[in-house]
Amino acid sequence: MDLVSLALALRREAAATNERRALVIAGERERGYDLLESVLDALSVGITETTLVGPDDRLRCEQVEQTGADELLGTTRELLVLDAHADLQPNALGMVVGAVDGGGLLVLLTPPLEEWPDRRGRFSESMAVPPASLADVTGRFVGRVAETLRAHRGIAIVDADSETIVDDGLVEPAPLQLRTSEPATPLERRASTESPMRFPTAAYEACLTGDQADAVAAMESLFEPDRAVVLEANRGRGKSSAAGIAAGCFALEGSDVLVTAPAARNATELFARTREIIDSLEREQPDSEPAVDATRDGLDVRTSAGGRVRFRDPDAAVRTIRTGGECSDRAAALDPDIVIVDEAAALPVSTLEGFLETDRVAFATTIHGYEGAGRGFSVRFRDRLEEASHEVVNRSMTDPIRYAAGDPLEVWSFRALGLDARPPVAPLVDDATPDRARYRALEPSALLADESLLREAFGLLVQAHYRTEPNDLARLLDAPNLTARALTVEGHVVSVALLASEGGLARETRAEMYEGGRVRGNLLPDVLASQLRDEDAGEPSGLRVVRIATHHAARSRGLGSALLERIREEFGEEVDWLGTAFGATPGLLEFWGDNGFGAVHVSTTKNAASGEHSTFMLAPTSERGRELADRHAARFIRRLPAFVSDSLADVDPDVIRAVLRTVDASPSLALSDHEWRVVAGAAYGPGRFDVDPGPFREVVCRGLVGDSTPTDLAAADERLLVARVLQGRAWESVAELLEYHSAGQCRRALGDALVPLVEAYGTDPALEVRDRFS
Ligand SMILES: CC(=O)SCCNC(=O)CCNC(=O)[C@H](O)C(C)(C)COP(=O)(O)OP(=O)(O)OC[C@H]1O[C@@H](n2cnc3c(N)ncnc32)[C@H](O)[C@@H]1OP(=O)(O)O
Ligand SMILES: Nc1ncnc2c1ncn2[C@@H]1O[C@H](COP(=O)(O)OP(=O)(O)OP(=O)(O)O)[C@@H](O)[C@H]1O
């Protein structure tokens, strides 16, 4: 068989099964393009159905760079060509495979497969983090891709240089078994369930799979108040469409449905289904007005029953819900009846929480995305959803829509990119304890040799962290600055940490950082040098815990702490410090604080993904590390009063309290006699905080920094001291935030909260004031 016949045979097979096939053309690049041209001529796929992903615009079709492959998300092509000669971006590979339609073909242009792992492209360069260089970056990830291409079905491999077919990739599917009965249609499936059908039958006729019908049926529960529906699915299972069909049905009933998603373009499929169902049902009613698109982009659809489906970006959507009818913006003023959040996993948890203020809400979320295997939704938001008053209806969707179940390219890409990596099932680890656990390194070679170890370790990292992507798997295997450690029980991973070497930088690199230049990796030295203006911060060497996770079935038993302890034992002699940076929550700050990490900085802006401010922490392991940590802790407490009232004024007071508690330094307190009289006057007498906040801030910092907080200070007092004194929030907003009846009550409470601080630190003039008023 020649290459053209092979390509035609692959396409035929793909079309017959509604699966996808891949053709790898491996060899010299120009030769590969020559062969590709002949394949394209023979396949005669339309230009609009073909895309080349690669560095040069060489074919007569759309072309995008690998770094721009996210344009393909949510779209499909019959033919996708990925030119991986000069570079392979792991995330792009995932997105490209995801965009091949059922019946379609993926063509990969690669160097000779045996040489491919030795090539270094832009992605490899991005892993050359100083002091390491490109020569230290390995090619294991590409080796894994090549090996899995060889091993998986449905993937043909052609040697372009010798023009030989190494593997024809044909699966030769058995002819379809004669079925004794036709499977139920989505409508029949819905009709066969016990619950009465509340959407019109057309809604179920519009569904493409039984799973989708189940999802639409779950959405019917939003007819009742206090319901939250969660639709979880891999990509391309039709969850957005299910939500769109349901939105249309509610609007046909006269409801106002607000749809939100990270970006308007994410909502196009949803609105397409909404419009289809509304158009089809309104056409049946002779005297009805047609659905009106009030906006040019089609993201506002109305029905003759007065219903509406409209898009708002997430922040505007939350504002709409919070302000309800009191909003001055007329368009936003309408309080929606139902809110649908699409691609919820890509939104910050703080934004998601805002949607819980509405009583009928649906979240559609991707489990294994091609752009990332993010599970932020399940990791962080699930608990909060369970605590809310809504009754939660969960549906997961597994039947793919764009191609048949069991499609070989999905199986291959999930394996090669770790997209379906999962932690061990709970029963395997739920009796894990620190003394039964074994500490082990997860060397790349060991991970490659043991697929189940790799799946468990990477799966745990994915599950624990919002947006762990194929790029992260590649980094784990190839980046010279990264390493991983785990605790296992009976061979199963129960706790895992990803570690990055940082610091140990040459003088020139440090100077570059200090002068604002971009130096790869080295997050902590970079923040300390470029933002906190410490040119020497990159000199000591350190180990940053990039990510740590304990299996959810074994948390709070000391495993995470034990893992950190073992890491400290192993690396303590080699490095000067351990460090970490993460989206600050009170619980996590407590975990790190208990493990000897002290905060030295909090980012001035929120992390776009987590919606939280990052905290930077150090735990010294040598004298040099101690000097670095002490210097930054001392500077941190010095700048705290001004810093918190400025950049951190909107942060949750509990986060600020937790940050302060971890700081490894004690602020000095040098108020003048007069200043002490002012503070004591507000604590015991008619004095006022707002006429001279400076001395109060110093006293409160002294009280809340470190772990020697006066014991009679209650948590509620601490919150008030943070919100009013340190953050400088107005009385009214503090009263509202902390649920005081009035600003006046809040004022009086502040006086009381100051008392333990004056008792603990006040000098004689302060005590004289106290005695005078008591
Ligand atoms: C750089 C980073 O990776 S930061 C991100 C850390 N990872 C995650 O958030 C992933 C999800 N969480 C986890 O996997 C785990 O909770 C870890 C890794 C944070 C802690 O692992 P564990 O094995 O539970 O740690 P360990 O048992 O030693 O300590 C638990 C203590 O940490 C604190 N803690 C940790 N996380 C939380 C939290 N989310 N909320 C409240 N307290 C917490 C508590 O003090 C807890 O003790 P408690 O349960 O008695 O109240
Ligand atoms: N009921 C339907 N009618 C017509 N087309 C549909 C239907 N359901 C899904 N599709 C098509 O299948 C593809 C995947 O559907 P959809 O975008 O709803 O899935 P998804 O699970 O949200 O996937 P993704 O996460 O990739 O957005 C889309 O191209 C969509 O047009």
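Any Cβ shown, glycine's included, is placed from N, Cα and C.
Record features, source TrEMBL:
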{"type": "DOMAIN", "residues": "8-160", "note": "domain 'TmcA/NAT10 N-terminal'"}
{"type": "BINDING", "residues": "GLN212, ARG402", "note": "ATP binding site"}
{"type": "DOMAIN", "residues": "230-420", "note": "domain 'TcmA/NAT10 helicase'"}
{"type": "DOMAIN", "residues": "459-569", "note": "domain 'N-acetyltransferase'"}
{"type": "BINDING", "residues": "ILE548, ALA549, THR550", "note": "acetyl-CoA binding site"}
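Other residues of the chain with a Cβ within 8 Å of the Cβ centroid of ILE548, ALA549, THR550, the acetyl-CoA site, are LEU460, ALA464, SER495, VAL496, ALA497, ARG547, HIS551, LEU559, GLY560, LEU563. Between the CA atoms of GLN212 (ATP binding site) and ALA549 (acetyl-CoA binding site) there is a gap of 33 Å, rounded to the nearest whole number.
Counting only same-chain residues at least 6 apart in sequence, those with a Cβ under 8 Å from the Cβ of ARG402 (ATP binding site) are THR76, ASP101, GLY102, GLY236. Applying an 8 A CB threshold to same-chain residues 6+ apart, the list for THR550 (acetyl-CoA binding site) reads ALA464, VAL494, SER495, LEU559, GLY560, LEU563.
Under 6 Å, Cβ to nearest atom of ligand 1: this is the test, and of the binding-site residues GLN212, ILE548, ALA549, THR550 it is passed by ILE548, ALA549, THR550. According to its DSSP assignment, ARG402 (ATP binding site) is coil. When Cβ atoms from all protein chains are considered, those within 10 Å of GLN212 (ATP binding site) total 26, not counting its own.
The secondary structure of THR550 (acetyl-CoA binding site), as reduced to three states from DSSP, is extended strand. With DSSP states grouped into helix (H, G, I), strand (E, B) and coil, the domain 'N-acetyltransferase' (459-569) comes out at 50 helix, 30 strand, 31 coil. Its Cβ placed at the centre, ALA549 (acetyl-CoA binding site) has 26 other Cβ atoms within 10 Å.
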